[in-house]
Amino acid sequence: MVQASPLLHKIHLYPPYPTPRTSLASQRHPTLFLKLPHSFFDDAMQLILCLSKPAQHLKKNPLMAASGSGSIMWFRKGLRIHDNPALEYASKGSDFVYPVFVIDPHYMEPDPKAFSPGSKLAGLNRIRFLLESLVDLDTSLKKLGSRLLISKGEPGQVLIQCLKEWGVKKLCYEHDTDPYYQALDIKVKEYTSAAGIEVFSPVSHTLFNPADIIQRNGGKPPLTYQSFLKLAGQPSWLSSPLLTSISSLPPVGDVGSCEISEVPTIKDLGYGDIEQEWTPFRGGESEALKRLKESVSDKNWVANFEKPKGNPSLFVKPATTVLSPYLKFGCLSSRYFYQCLQDVYKNVQKHTSPPVSLAGQLLWRDFFYTVAFGTPNFDRMKGNKLCKQIPWNDDDELLAAWREARTGYPWIDAIMVQLRTWGWMHHLARHSVACFLTRGDLFLHWERGRDVFERLLIDSDWAINNGNWLWLSCSSFFYQYNRIYSPISFGKKYDPNGNYIRHFLPVLKDMPKEYIYEPWTAPPGIQRKAKCIIGRDYPKPVVYHDPASKECKRKLAEAYALNQKLNGQLSQEDLDNLRRKAGAR
């Protein structure tokens, strides 16, 4: 169960932390005291007695004596040296540290059936970004007297093999709330518990521990941003300086028979020679810290940052930090980013505040992480108690037109081209295309759009991606479905000349600005002069916005009314009846 995972994490049998005088780790990870039934302590004592017995496989392992006190630092996210308490703890009292990253076929194996180059779950832009991040991490580790050990396979099996082979006494990794990693952690911890291996898995990917917030709220996640802020307060670690550098690391021990390699290339992974436009954003901690420094050095910009303001049509120099992919992979610590922002705020006369400030954006991130962690089936409509049950249409042709930038609306299509080629676009651009797909024009299921974003975005993040699609489809969090992003006028107010469209849709580069957002309205002579005949060189609109948006609003009004009447307990038959009723008109 989702609620059980944080409890298992917090009560795992770690040894006592060092005192605050000798380690910052104890200050950053306070002990959580829980009221538990007596039966729990009886079971815990049995577990302690079991673990106190030497594991038989450790007695027989010849590498145990050779390795002395060894640790594995299992990198998943958290691909950084700065503010990495798991790495810090792995190195303490260890003669050897094995920094491991496992190439997971679940995310990396080529899928020839996918709609664009990449794996089933990740486009090549994100895979490439990850590989660049690993190369950068390996370079940083080598400077500290270590190196990154790359293995390949199902991560749980690979890690257990390494634990057996190397005879280490500690396994350290950053805690991850994604369901995939939660399931993986249970599997690994079953082995480590039986083998008597200490596991240290601190929360450092977010500002707060989602489990703590949920516990403070009576076991349920807060469902509004303001209630989250009230529960969260100030981060406990903020009063202590973060460890942002390490002078050296223990060496890597003998890897034995484990298959270890250098960081692979795209070609090594089986993708061959790929010809495509790559994202201009390079992966890695070094690039993340450089970009962070550039952002916070402009104190006036930081102080006045106000989301949702910002120009989504700027692409040479985007009107935001573009730090999201670095936060996603943990190349940048969100805690360090937050600390840097607080330093700026202390040295300016006035600044914006949450929810619109830059610090507010990091808090939004934590809010979605917390709600996602505490909500079963958060990534789907069915079985998700937070999600309105809506009879979305299922039309593969319309979905493909949206995904492949063939809607006939240049503003929408240009954004989708940027997504496919760069793996990133401004948040207001994301809002535009998500609204168009769901409640604005096409009335297609938000899960279908979520899947496209999940695969193509270099900053795709399970909790945030699902949270934003729930929000933008008016399925949860936000319910003002009458407020729609126009696929024509919204982009025009930022970029009346259509420079963004001309860049990402060169077929329209010569279209006069009067028609660039609605090229189907251009007279035939104008189209010929622009060398772009609508219906031949560029598609006609798949729907017309005004009647389509009115129909979407009507369908949502009916679905909302039935959700209210049935208290959200709509059956598949109820949804089918709504769908038939809408189709009969």
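First residue shown is number 1, and so on along the chain.
Each Cβ is built from the backbone N, Cα and C atoms, and glycine gets one as well.
Remember, TrEMBL labels are computer predictions, not curated facts.
Annotated features in TrEMBL:
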type	residues	note
BINDING	320-324, 361-368, 459-461	FAD binding site
DOMAIN	69-207	domain 'Photolyase/cryptochrome alpha/beta'
SITE	Trp392	site 'Electron transfer via tryptophanyl radical'
SITE	Trp446	site 'Electron transfer via tryptophanyl radical'
SITE	Trp469	site 'Electron transfer via tryptophanyl radical'
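Taking the C-alpha positions, the distance from Ser324 (FAD binding site) to Trp392 (site 'Electron transfer via tryptophanyl radical') comes to 30 Å. Residue environment of Leu362 (FAD binding site) contains 20 other Cβ atoms, counted within 10 Å of its Cβ in all protein chains.
When Cα-Cα distances from Trp392 (site 'Electron transfer via tryptophanyl radical') are compared across the recorded positions Thr320, Leu362, Asp366, Phe368, Trp446, the shortest belongs to Trp446. For the recorded sites Trp392, Trp446, the largest tally of other C-beta atoms within 10 A is found at Trp446.
Taking all protein chains in view, 25 other C-beta atoms sit within 10 angstroms of the C-beta of Phe368 (FAD binding site). Recorded residues Trp364 (FAD binding site) and Trp469 (site 'Electron transfer via tryptophanyl radical') have their alpha carbons 14 Å apart, per Cα-Cα distance.
Within 10 Å of Trp469 (site 'Electron transfer via tryptophanyl radical'), as judged by C-alpha distances, the recorded positions found are Trp446; the full candidate list was Thr320, Leu362, Phe368, Trp446, Ser460. Considering other CB atoms within 10 Å as the measure, the emptiest surroundings among the recorded positions Trp364, Trp469 are those of Trp364. Of the recorded residues, Leu362 (FAD binding site) and Trp446 (site 'Electron transfer via tryptophanyl radical') place their C-alpha atoms 24 Å from one another.
Counting only same-chain residues at least 6 apart in sequence, those with a Cβ under 8 Å from the Cβ of Val322 (FAD binding site) are Phe281, Arg291, Trp424.
Cα of Trp446 (site 'Electron transfer via tryptophanyl radical') to Cα of Ser460 (FAD binding site): a span of 15 Å. Cβ neighbours of Thr320 (FAD binding site) (same chain, under 8 Å, six or more residues apart in sequence): Gly310, His426, His427.
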